[in-house]
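Structure first, commentary second.
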Amino acid sequence: MLQQKFPATAKCFFAIDNFTKHLNQDFILSVNNEEEALKLYKQAFFFSSNENIYYFPSYDTIPYDYTSPNTNIISRRAETLTKLITNNNSKLLITHAANLLNKLPPKDFFSKYFLKLYPKIKFTIDELSMLLVENSFTRNISSNDVGEFSVRGEIIDIILPGPKAYRINFSWDYIESIKEFDINTQISTKYCTELVISPVSEIVLNSKTIGNFKNNYLRNFGVNHTDNPLYEAVISGRKFPGYEQLLPLFYDSCSSLVDYLNDPICIFDNLSKQEILEFENSCNDFYLARSNANKLKVNNFYPALSPASLYFTASAITELLEQKNNILISYENSEQASLIGNISSTSFMEKKTIFDKLFELIKANFHKKIIICSSVLSSFERIKSIIQNYKYTFNEINKLDDAKASVINIGIIPLNQSFYTKEYLFITSSELLEEKTLYTNTNKKLKNILLELDNLAEGEFVVHKDHGIGQFLKLEAFEIQGKLHDFLKILYSGNDKLYVPVENIEVIKKYGSNNVELDKLGSAAWHKSKAKLKDRIKEISLHLIQIAAKRKLNISTPIEFDLEEYDKFCANFPFIETEDQLTAINDIRKDLTNGMLMDRLICGDVGFGKTEVAMRAVFMVAKSLNEYLPQVAVVVPTTILCSQHFSRFIERFKGFGLNIKQLSSVVSSQEANIIRLELASGKINIIIGTHTLLHKNIKFFNLKLLIIDEEQHFGVSQKEFLKSLKYSSHVLAMSATPIPRTLQMSLTGLKELSIIATPPLNRLEVRTSVMPFDTVIIRDALLREHFRGGRSFYVVPRIKDMEDIEKQLKQIVPELSYKIAHGKMTPSKIDEVMSEFYAGKFDILISTTIIESGIDITEANTMIIHNADTLGLSQLYQLRGRIGRGKIRGYAYLTVASNKKLMQHSLRRLEIIQNSCALGSGFTIASHDADLRGFGNLIGEEQSGQIREVGAELYQEMLEEQIALLKDESIVSEQSFIPNINLGLSVFIPDHYVSDSALKIALYRRIGNLSNEIEVEKFKDEMIDRFGLLPIEFNNLLDIVKIKLLCFKLNIENLDSGDDGFVIRFYKNADMSDKILKFVSRYSNQTKIKPNNKLVFIKKLVDKNIITEANQLLWTLLEI
């Protein structure tokens, strides 16, 4: 074993240097944690142009977990193993040391299932589908995640690791083309000459592996596998959550990660060796926990393989590392630290700036290649400007190979500490500018957020604009004049049915999920009710506009602040801002500097960084240069959140000379009186408080910014007081699941809206399970969290149930400590318990729902919710948002009484929360919650009864339309009619084209929202790209939509065709006399005017040209 010394920060540079010098040699760089492995992998592509550098990720689950790892991680591991075994060139692998203990499939496994496709190769859809299933791909209706594929007609869509999505078009028995497509838009982006497909999992289920599993399972665990869903799933060829923990049972033998390379040299340090020993100890602990849990329950279907069966031993791996060719590295930083440290150690009394000293260092090392590394684009631009000010030239680089001598090289390079070698001097901007150095998030921004709300399920209540509340039963096809046509079947009172043609689907709006009385078809009651509501909406709209106008009339002095000091404040933020955060911050900055009062809503999912955005606003106002003693008030709904915000603000604003206080029930009355006096005199710059801040005895000296966190938690009287402040102060409201009232205000343009939909770096979705109360699973969940160094929440909605839960926890997890918090305790006692939980002084916090708002403890990542069916949807979502807020996977267990039969609405709530696991689900949750509980009021004086009259969607549409009319905007008012088009053509989306009925309804809904011909054509292009060439019936539908748009412009209520021409009936109130007379005059031989606003146009028609003829007729009418 060789030993070498170099700076710790140069670890990747050193590994690349060795790799480059030994062209025929494989290397493994082993590090002591997963985060460092990923960081070094990203650095490697700057230090080397060699493409044969790989990263093997760790699972995001713990040993003996009964949930499966993230599919992206599973597929990335499989992809890496495939490349290692199929690439004959020398390779460098970077990985977490613990992965060296993993038992993996035999090394020839991935080469057996390696598949290369290219255009014109002979392959049928069925053949490829079978191979994909064998390669662990899952067949779904649509492809959205890594490892999924879908079949639609002559097209297969497949998602590979990356993720990268490909569309394979077939023509009979060969592949016609392969295209890459965008997962979010489903639109293809470029053609590919070949496509390499390998297994997306380390386990494939075929006759051989399933046979091995059966035999090995029998040998290890005996025959007692009756009613075991894991065993039954696997022998049936289906995946099962957590079956990865039984991997060795599927193969005759296993290989190690080292076996996948050709006699590699391992580069490691003593920390890596220590990590291997600690991982083995953890595995042993988890094994004991799982074994003990299994003993408590007969036929537990997660049998535990011994650590020796599941992993290689630490002693064997350590012995392998210590072989003669491997390299043990140690670190010497003292000399380098003093050299680089001297740059940034400029004292206050020195005349030289930090950059004067930097350029002295550069001048002394100009014989070397000097590289200044910036972590982000903003610092890169600042460094460029500084270099130019010092009259040096610079060279922008992306790779180390591009670096030149006698010039300063700069680039965006993920390096966090300076170091030097004989040939190079690396200096990081993070040390020069005191900024953070992290890695930008590669997660794509969530697309079409509000479009995801546009679901309509069979059995849901709906509202027809003309006929009122009904129940959507299903899509149904009818034959009309020998042609099939899709209709929405709506049930009304008295078992009456209404059939709405799909091209008129926009007349149908979702009502919600409350049980309601159905309207009667043909009754005048609906029209009377709608007309009355329209008058009330007009009043509300006028009031809303007056509020907005009154605010705009209040001129505000544009906020000015010190940009250099602001940059320093921003640099103290320990994370990279997401794209959406930066956009929201820029929106706020524009609001504060434009001379008008700000009224903005920040909608961002739980844990997506709304608080940091608010803090930027606070800084801009509190440090305003042109205001005398400006003040900021932050109003929060709970004492716990107030205390947390106060602590965070104190830490974040440290060193900026701002006086920050909190006012809530934890503050003594004596201290509260002092705070009130200091607020009135202007001595306090930032006050954070609960509803106490909204009391009439609170006087501000110069309140310039009001921040409202989770506004929906405040009562009506408190909201009225908040409104009185809005006329003189800037207002910023924040919400994770925006209540419809607030969201409606934003969508109607009366309140500015910023959406934060991009998750932070490395954020993982919370795994959510709905299950009967089970002490074994609860014990296992709590112990697993404890063993990975974390803490757990145990939420009990009712205080009276806490004693029982406490007794049960004493029995099932006696080794864990806990404390209780609930609303009947004194605020000071709650504060004391929460402080201890923050500090990690006990393992489990048993609490009521008082923790639902804003609690942020990154070490607490397991939550059990007792009797979850008794909580509302937004409550469940907010509670779940307390976990998984860092880089650690969160686990939420929603328990219900095992013998309890759930009501339909309770069951639906739990289904929604379980299925809404994706990051950024808050908007979907808000919509579902509105469906389940109805909307709140808009301006305080009216509750949700009005909305129940017509349903949420129609109410929103009516409100938007009325506000637009009152604001005199160029938006067409509600059409008093819907054109009915009957051209005797088949109009529907065939099952062979889109087989999933829910997707088909969603597409029909989207079609109903198309507002012009360009949108129709774009939609058509998207359909062709996603599903293949349009069937004639679908094409007819889109053509009829375009004709319908023309009918709107011409006030045509009916357009019918027959063998001898068209019959047009104009809307009764439309004045079309001039156009009709001109048209009749021009085409007197082909036209007839009939009573009831009808126009007959005579022309022999056939199916193939009927669309063309109809278009020609309407365009002629339009242009005449």
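Quick reminder: no glycine exception, Cβ is built from N, Cα and C everywhere.
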With Swiss-Prot as the source, which of 225-228, 709-712 is set down as motif 'DEEQ box'?
709-712
Return the average pLDDT for the domain 'Helicase C-terminal' (777-933) as a whole number.
81
For G604 (ATP binding site), what is the secondary structure by DSSP, using just helix, strand and coil?
strand
Whose Cβ, among the binding-site residues G604, G607, G609, has more other Cβ atoms within 10 Å than any of the rest?
G604
Can you tell me whether DSSP puts G609 (ATP binding site) in helix, strand or coil?
coil
